[in-house]
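Working notes, structure below.
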């Protein structure tokens with residue numbers, strides 16, 4: 001089965017073609033450089049960028065692949081920016097009519113869940129930590145069709161906080177990669193931050209940590225590097241600690257990391273030490289992409 005995937009939930013325009021769960025083609029155009037001048041994504045402008053990019057990507061893929069061989073279309077339905085999601089939906093429906101094949105709506109978070117499964121299939125039950133600019137969740141899967149959210153952020157998502165901390169410290173956008181690059185040499189003085197406590201055992205809260213960094217930055221007692229690197233370390237430790245708590249309660253056969261923040265080196269290295277069977281996507285597949293959307297449909301139909 002050959003599936004075409006479409007991903008337009010935020011600021012990445014991506015189209016992929018997979019066959020039997022393997023990636024044949026994928027083109028992803030990021031809007032990060034465009035929005036760096038604004039310090040963040042502007043939904044209306046993002047929709048315009050998607051409208052321009054998605055047609056160009058389709059034209060390029062059509063020159064490389066025979067679209068008449070495609071059996072089904074998978075497009076991101078939710079969650080995401082309403083305007084950008086609409087672009088993907090309209091293109092999926094148009095292709096569906098032209099190619100006379102069905103277009104299936106896919107949940108973006110499920111895409112991140114399956115993003116690390118291209119090399120080898122998961123062994124269930126599985127636990128997943130999905131962390132991105134819009135989401136921070138712990139998910140327990142009895143099998144590929146029964147996935148339950150057992151913990152989520154009560155306020156900000158971790159990727160969003162990386163962006164806000166970086167903006168406050170004048171480090172640029174997107175915040176995650178900027179902070180990671182700054183702290184790569186590991187040469188900084190740790191500024192202790194208080195980790196939040198939540199009523200839900202596996203829930204997250206990042207607004208307090210964000211506020212601490214902003215307040216300390218206003219006091220001008222610490223360098224931007226010390227604050228940024230301390231935030232990264234404390235935030236990653238917090239994510240790992242929550243994941244460890246889940247592992248103590250649930251017996252699982254696979255531990256999965258997904259979402260844009262999964263590209264963070266510190267998180268990836270710490271995650272590898274938590275379980276004997278860890279699945280981590282490549283950096284290309286950690287960020288928003290259409291291959292993971294197509295993979296969800298493949299798992300549902302196979």
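Even glycines carry a Cβ here, placed using N, Cα and C.
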Same-site substrate binder from 111, 176, 200, given that Swiss-Prot records 130, 131, 132, 133, 134, 163, 264: 176
Residue among binding-site residues 163, 288 with least C-beta crowding, 10 angstrom cut-off: 163
Residue pair residue 288 (Fe cation binding site), residue 132 (substrate binding site) - Cα distance, angstrom, rounded: 9
Largest inter-residue Cα distance among 130, 131, 132, 133, 134, 163, 176, 264 [record-listed substrate binders, Å]: 17
Other CB atoms within 10 A, centred on residue 112 (Fe cation binding site): 32
Distance [Cα-Cα, Å, rounded] between residue 130 (substrate binding site) and residue 112 (Fe cation binding site): 7
Rounded Cα-Cα span from residue 108 (Fe cation binding site) to residue 134 (substrate binding site), Å: 11
